[in-house]
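Copied over from Swiss-Prot:
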- 6-288: domain 'tr-type G' (DOMAIN)
- 15-22, 86-90, 140-143: GTP binding site (BINDING)
Amino acid sequence: MATPLKLYRNIGIAAHVDAGKTTTTERVLYYTGMSHKIGEVHDGAATMDWMVQEQERGITITSAATTCYWSGMDKQFESHRINIIDTPGHVDFMIEVERSLRVLDGAVVVFDSVAGVEPQSETVWRQANKYGVPRIVFVNKMDRMGANFLRVVSQIKQRLGSTPVVLQLPIGAEEEFKGVIDLIKMKAIHWDEENKGMTFKYVDIPADLKSTCEEYRAHIIEAAAEYSEELMEKYLEGEEFTEAEIKKALRHLTITNKVVPVFCGSAFKNKGVQAVLDGVIEYLPSPTDIPDIQGVDEHGDVIHRKTSYDEPFSALAFKIATDPFVGTLTYFRAYSGILKSGDTVYNSVKGKKERIGRLLQMHANSREEIKEVRAGDIAAAVGLKTVTTGDTLCDQDKVVILERMDFPDPVIAVAVEPKTKADQEKMGIALGKLAQEDPSFRVHTDEESGQTIIQGMGELHLEIIVDRMKREFNVEANVGKPQVAYRETLKQAVEQEGKFVRQSGGRGQYGHVWLKIEPQEPGKGYEFINAIVGGVIPKEYIPAVDKGIQEQMQNGVIAGYPVVDVKVTLFDGSFHEVDSSEMAFKIAGSQCFKQGALKAKPVLLEPIMSVEVVTPEDYMGDVMGDLNRRRGLVQGMEDSPAGKIVRAEVPLAEMFGYSTDLRSATQGRATYTMEFCKYAEAPTNIAEAIIKKQ
């Protein structure tokens, strides 16, 4: 029996690395009856962390997808189908979070009640804002030393710029944490510890918390009153709101991203997760609550698709994974229509048809075969040949291309070589498969040295890749030292002529172009404009000029690093009836770009990282001094339960080996996180040293 769309919830669970997100997901699976025993992260048995590396490191790397059903703590709802994507919290894997949020309708963001809003959480929040994803918050670990619920609430307001609405208050904290107070029902909830919180009872609010509860309930009423004129009138008249009125108002305000409902508890101690599940149903959108999906047709005209089974089929592939048993899995979110196994779909980005063989409903790493996928579903297809992350699958007679995903360029590179001759071929296959799965991981061969270079978002990212080559593909590799992925760009506009002419008996070569080369704003990328009029260069040679320019850009002009953020206009040139060819124009374009770029004040760009260090106050001076020595710019400082938080922007080149240095400088008491921030021009002395090396 298919679940009606209004009873669907497609949600992600996202958080900082140690906020207890996977534990929260495990409890969700336990209470919804999907797993019969609770898997703990610290003993390496969590269901959603199914890769060996995840179980060893205790962190989540790939987004596992699973489906469960929930009808409320009090069994007060119809059975809702919840598709959950568990996302990684480590900064090197933010790409996984980004692509999950792109296909979700709502998110549960988990915060640690001791650490509060951490850098990773800010990144996740920004990504959720970018895709307009409504969210609810679960403040976890209320049983830990230093737990402070209200401090986290004020950080959500100040650091994340959102409007939190507190729906629960904790009863006690740290070891005294007993349960939570439901501020809408104005009742305390006590979960039964003997059956791991499967049952609970409502009891009266402790007398000493009554006035605080009334104060916070007043905030809820105030927020709800904003929903409609009717409620505002009631509010101004001082009339009571019913529970249904409050929930309806909060649901609307959450879905439109005006407020963020906040829950609290301790997943590890089996308190609070069940109420969060109720919150998912009550406040997060179903596929029918979100705006129609927008895309373009083959002519580039905007079209809308409703989330409905009657519309033509459309879906977005958001993840490719290699499964040891079934081969390539393509995870996709269906937005409209119905897809049955055996159907043929059209990949509108690549212009290729694909026949759908098996369709699978995923549960972490186990799977169940299904006959069809409907709008609103998240599922996986086996063995699709041409689909990569971000491609659209649709009905070939009703073509639509959905908005693609942007993936950041890698910032770090290492050379890898197979340990033995036998590993050589296997390594190529393994790296190809891993690059297909992960759009933020790139592989290429260095033309001069012949070495295989792998690039990624951080040291941990590449460590995991090398680890997976060994475990999943049996390839042993030696790994070089990490190298920084520099870039080059231009500071000045120039016009340049480029001519490639060869005469050597028989047919010659002739290509002649004039290019205008200009710098673009950072992040704008490469733009090629064809401004040829009157056929001075025939149409068929224009793509060759573009190709020649792009190849030269990849090889750099001053230090061999890719040139970024330039606009090139082809505005004049000439051709020869017999001697001109695509090859001649490609070479002319390439040479012309290089000659012009060298006159356009080329500079070297280096990746700058946002670094956040949490340190006891005693070591503050040492930490700051060390960051300055690393060419860091301190952006700000603030207090935290663990001492001081220092925020700085530091070039990646200066950050290798930082964790060891920080540990020894602070006797292992300071911690840090780092994520890519931007590319910036490298100082002259640094740039000269790098150019000399090449």
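Note: Cβ is positioned from N, Cα and C throughout, glycine not excepted.
A quick note: this is a predicted structure, and the numbers were derived from the prediction, not measured.
Sequence-distant contacts of M142 (GTP binding site), defined by Cβ-Cβ distance under 8 angstroms and a gap of at least six in the same chain, are S113, F149, P170, A173, F177, C264, G265, S266, K271, G272. In the three-state DSSP classification, A15 (GTP binding site) falls within a strand. The secondary structure of M142 (GTP binding site), as reduced to three states from DSSP, is coil rather than helix or strand. Along the domain 'tr-type G' (6-288), the predicted structure has mean pLDDT 82.
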